[in-house]
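This report refers to the structure that appears directly beneath it.
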C-alpha cells in the first residue's frame, strides 16, 4: 500500500512538472492574446518613458551634477519582455463587423474592449480602497462599492449610478412606504399656473388657490363621514332615511361645485394630478348612485344590488383619504428620521462612486491604449458621472441636513487623520517620543469615537453664516458687510439653467442649499470691492482658484499617490504669480516643486512649446513668457522657503494690516495638535505633581516656541 501511494504521488509530480506545461504550450493556452500583448507592451514602454523623464529632471540637481549619468541611463533602461516585431507595431489586424460585414480596426474589437473594461473595474476598486484608507469612505460603503464592481465585472457589465443605487438600496417596507408618500406629496403640490384673462375664470382661480377653500373642503369631508357611518347601521338608516338622502344630495352638490371650480381654474392641469382624478371618480360614482335611486332602478331586495349599494357606500367613504394630504409631510419627516442612516449610507456610496469616476478620468490614457476605445470609455464615464451627480443633487435637495452632516463628519475624520499623520512625522523627526505620541494618538482616537457615538445632525448654513465660510473673505466683518450690501438670494428649481458655458459672467453664485438656493454677488459690486480692499480680496480669490486647480492637476500627475500629510503639506506652500506678456520669467528653481498654469497661455522660451490653462508645466521648463494679456500661475514651493515667501509678499500689496492669504490645512491641524498636546501635558503633570516635567516635553515646547517666534517675526 505504501509503495502504491508513493508511486501515484511520483507520477503526479512528473505529470504536473513536465507533461502538463508542454501540453499547455502546444495547445496555445499559455499564449497571451495579441491585443493584451500589445497593451502590455505599450504599458511597459510608458513606464520606461516616465523613468527616463524623472532621471532627466534629476540632472538639474546641483548635488548630483558630478554623477555619471551615462551609467545611470544604462542602468534604468530595462529590456521590454513584451517586445513586438516591426510588422506588429505598424499593421493592425482587420476584423469584420457581424452586422454590416464591414472591416474595422482591431483596436475596436471585443477583446480590446474587454481588456479595457477589466482595467476600468480594477481602477474603480483601487479608487474605492484608496478612499477607505484616506477615511473618506466608511467600511460598509467601500464593501458595497467593491462588491458591486466585482459582481459587474463577472457579468461583463458596466457600473452606473442607477445600478449602484439599486445594489445598495435595501428592499424594506419603509422604502416602499416612503416612495408612496413621496408620490402623494408631489401630487399635492399647488400648481397655480397662469390665471385666465376672463373675469369669471380669474375669480375661480383666485378662490381655488386659497387656504380657506382647501380647509373648507377638509371640514366638509369630515362632516360627510357621519351620514355615511349612520347609513351603514340598518336601524338608524331606517329611521333617518329621508334625512340621509337630503344630506347626501347636499354634500354631492358641494363636491360637484368644488370640481367645477377647480376645472375652471386649472383647465387641463386639473386632469394631470392623481388626487384630482381620484376625487372626480368618487364624485361621478356618487352621481350615478343618486340617479339610480331617483329612477327607482335599485331594488334593495335583490342580493346583487345590495352588494352594489354597499360598494358605492365604501367608495364614498374613501374620500376621507384626502385628509392624508395634510399628514403626509409629517409622516415623511418621521420616516426620514428613521431612514436617516440609510440615506447617509446612500449618500456616501454615491459620493464614493463619483470620486472613483473622477479618479479614472485622470488615468484614462493608461487604461485604453486605443484612441477609439478611450473615446468610448470617456463618453460612458462622463454620462455615468452626470447621472450620479444628478442623483446626488436630488438627495441633497430632499435631505440637506444629511448632506451637511456627511460632509462635516468627513472633514472631521480627514483632519483627525491628518493630525495623526503629523504626530507620526514628529515621532520620525525626534520631536516627540514614543510615549508622548502614543498619548496624543489616544486623544485623537477618543475624539473619533466621540464623533461616531454622538451621530449629531447638522443644519444647513443660513445666508448670513455662509459668507463666513468663504475663504477669500477670511471672516473679515468689513469685507462681508460690503459684499452683503448689494447681494441677493436667488432660488432655482430643478432643471433650471443658472448659466451656460461661454456666457459673459454676471457675478458669483455662492451655493447655500445644493443647486437650489444661491447667494448672488454682482460683478460690478465685486469690482468695487477690489478697488476698496485691493489686493486682499482679489488675491485670495485667485489663490482659492489656484488651490483648486493645483490639487486637481497634482492628483492627475500622482493619481495613485495617497492624499496624505505630504500632499497636504505641498498645498500649504503655494502662491499666485502674474506672468507678463512677451516678458521672460523664471519659474522652476531648487525651491519650486510644481508650477501650474491656472489662467491664460504661456510659451516655453527654450523649446518654444505653447501651454494653455489649466496645465501642469513640466519641470524641465525654466523660463516662460505670457502669450495673452492676462496670465497667472500657481507656484508650489518646498517647506523650507515657504516662510521666506510669506515675508516677502508684503512688497506686492498695500501696507494695510491683513491676515494671511489662506489658512493652511497644516496650520489648522497643528493648532489642533497643540490643544491635544496641552491636554496630554496637563494629565501628565497631574500624575507627576512632585516630579519635574520630562526633559523631552520641555525641549519640545521650547523648540516650538522658538520656531513660532521666528515665523511670526517680520523680516
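Cβ atoms are placed via backbone N, Cα and C, with glycine included.
Feature annotation from TrEMBL assigns transmembrane segment to 215-234 (among others). Within its own chain, the transmembrane segment (215-234) has Cβ neighbours under 8 Å at 240, 244, 247-248, 251, 254, 258, 313, 316-317, 319-320, 322-323, 326, counting only residues six or more beyond its boundaries.
Among the features that TrEMBL reports, transmembrane segment is placed at 277-293 (among others). Long-range contacts of the transmembrane segment (277-293) within the same chain: residues 245, 248-249, 252, 255-256, 259, 271, 309, 312, 315-316, 318-319, 321-322, each at least 6 residues beyond the stretch ends and with a Cβ under 8 Å from a Cβ of the stretch.
What TrEMBL records for 490-519 is domain 'Cyclic nucleotide-binding'.
Feature annotation from TrEMBL assigns region 'Disordered' to 683-715.
Annotation source TrEMBL lists compositional bias 'Polar residues' at 690-699.
Summarising the annotation, TrEMBL assigns compositional bias 'Basic and acidic residues' to 700-715.
Averaged across the domain 'Cyclic nucleotide-binding' (490-519), the predicted model reaches a pLDDT of 71.
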